[in-house]
Amino acid sequence: MSIIKTNSEILNQLLYGQDLDAETSNTLMKRWLNDEILEVQTGAFLSALRAKGATGTELSSMADVLLNACKLPVERPNLFMVDTCGTGGDGANTFNISTAVAFVASSCGVNIAKHGNKSASGKVGSADVLLNLGINLNSTLEKVISSIDQIGITFLFAPVWHKSLIKLAPLRKALGIRTVFNQLGPLVNPLRPNAQVLGVASDELLNPMASALSRMEMDRAIVVHGYGGLDEASLEGDNKIIFVDKGELKHSKINVSDFNYQNTSNKDLIVSNDDSYEDILKSVLNGSGQKAHLDVVALNTALVLWVAGIEDDIEKGFKKALFSMSKAEPWNKFLLLKNYLES
């Protein structure tokens with residue numbers, strides 16, 4: 001028979017650097033959702049978890065609680081879905097690469113269920129840029145779900161689906177540090193995608209995030225930490241990769257030079273004061289963007305095509321994505337989504 005631990009006992013365990021088992025992690029998250037943890041304790045828990053480092057067991061167990069609390073208003077479409085949501089937080093001020101990748105991958109035949117939020121930092125988040133380009137983030141939940149069946153892509157705005165976490169936002173902002181909830185964000189897509197490409201801003205997050213995805217029975221996934229600290233695959237050098245395939249984890253590296261493409265500096269991806277996140281995203285989707293922008297989106301799209309089982313060769317996936325952008329197919333996909341969610 002398991003022993004139910006008090007909040008103080010769990011906190012002490014974390015302060016001593018001891019990992020939580022699945023049951024205790026589950027209990028902790030349920031107490032957060034049920035308002036059974038004082039605000040001062042929440043600050044201590046989040047700080048202690050950050051200092052210790054969350055494990056795959058802790059992350060997957062907490063994510064399960066959040067997913068079970070998030071009920072779909074209609075049945076999940078019987079489709080193989082992929083998410084491109086990452087942890088963010090690289091501080092590089094690049095354009096919205098994973099958002100662009102979602103539309104390019106969808107134009108290449110992948111059913112994309114993109115989970116995302118507004119930015120908590122100075123950078124424009126996926127929800128910010130889509131909202132500014134006219135995507136209706138307040139469409140009915142039923143319409144958001146049916147969109148992936150009708151259009152091949154949808155966007156799930158996190159606060160709409162995980163209302164129970166909104167109450168923690170002021171404290172998280174006051175703490176001023178990245179917490180376990182930044183890691184949980186990519187793991188709690190309400191549509192429970194079959195596969196995912198998940199970018200992390202620190203190589204210390206590679207193993208726990210891959211372990212969490214494996215424990216959550218993700219069919220296929222890639223966790224990537226980009227060269228130079230990007231939370232996307234970079235064009236500049238070696239990118240650290242963990243392939244998750246039916247529970248098996250395989251460490252690898254990928255570099256565009258492997259298929260005879262020239263390395264390009266991460267600086268070419270930075271949004272300057274004269275640039276607009278929205279204009280850059282539009283130019284990428286319609287194929288008129290800068291070469292570095294198109295190439296980095298193509299590289300990351302190739303990873304999505306791999307997890308989706310559409311293209312097992314990264315170089316071929318890279319070229320497939322470039323071709324789709326050259327035909328403005330991702331922009332057409334964007335317009336379809338915009339019109340569908342408006343109607």
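The backbone N, Cα and C atoms fix where each Cβ goes, glycine too.
The anthranilate 1 binding site annotation in Swiss-Prot covers G86, N117. In this structure, G86 (anthranilate 1 binding site) belongs to neither helix nor strand by DSSP; it is coil. In sequence order, S98, P186, V197, L198, G199, V200, D231, E232 constitute the residues six or more apart from G86 (anthranilate 1 binding site) in its chain with CB-CB distances below 8 Å.
Annotated 5-phospho-alpha-D-ribose 1-diphosphate binding site per Swiss-Prot: G86, 89-90, T94, 96-99, 114-122, S126, in sequence order, evidence recorded as sequence analysis.
Within 10 Å of the C-beta of E232 (Mg(2+) 1 binding site) there are 29 other C-beta atoms, taking all protein chains into account. According to Swiss-Prot, the Mg(2+) 1 binding site annotation covers S98, E232.
Residues or ranges marked as anthranilate 2 binding site in Swiss-Prot (evidence: sequence analysis): R172. Counting Cβ atoms from all protein chains shown, R172 (anthranilate 2 binding site) has 18 others lying within 10 Å of its own Cβ.
In this structure, E232 (Mg(2+) 1 binding site) belongs to neither helix nor strand by DSSP; it is coil. Positions annotated as Mg(2+) 2 binding site by Swiss-Prot: D231, E232.
Taking a C-beta cut-off of under 8 angstroms and a sequence separation of 6 or more, T94 (5-phospho-alpha-D-ribose 1-diphosphate binding site) has the following same-chain neighbours: L230, E232, N266, L269, I270, V271. Per-site Cβ counts within 10 Å over the binding-site residues S98, N117 peak at S98.
Around the Cβ of K118 (5-phospho-alpha-D-ribose 1-diphosphate binding site), a 10 Å sphere holds 16 further Cβ atoms from the protein chains shown.
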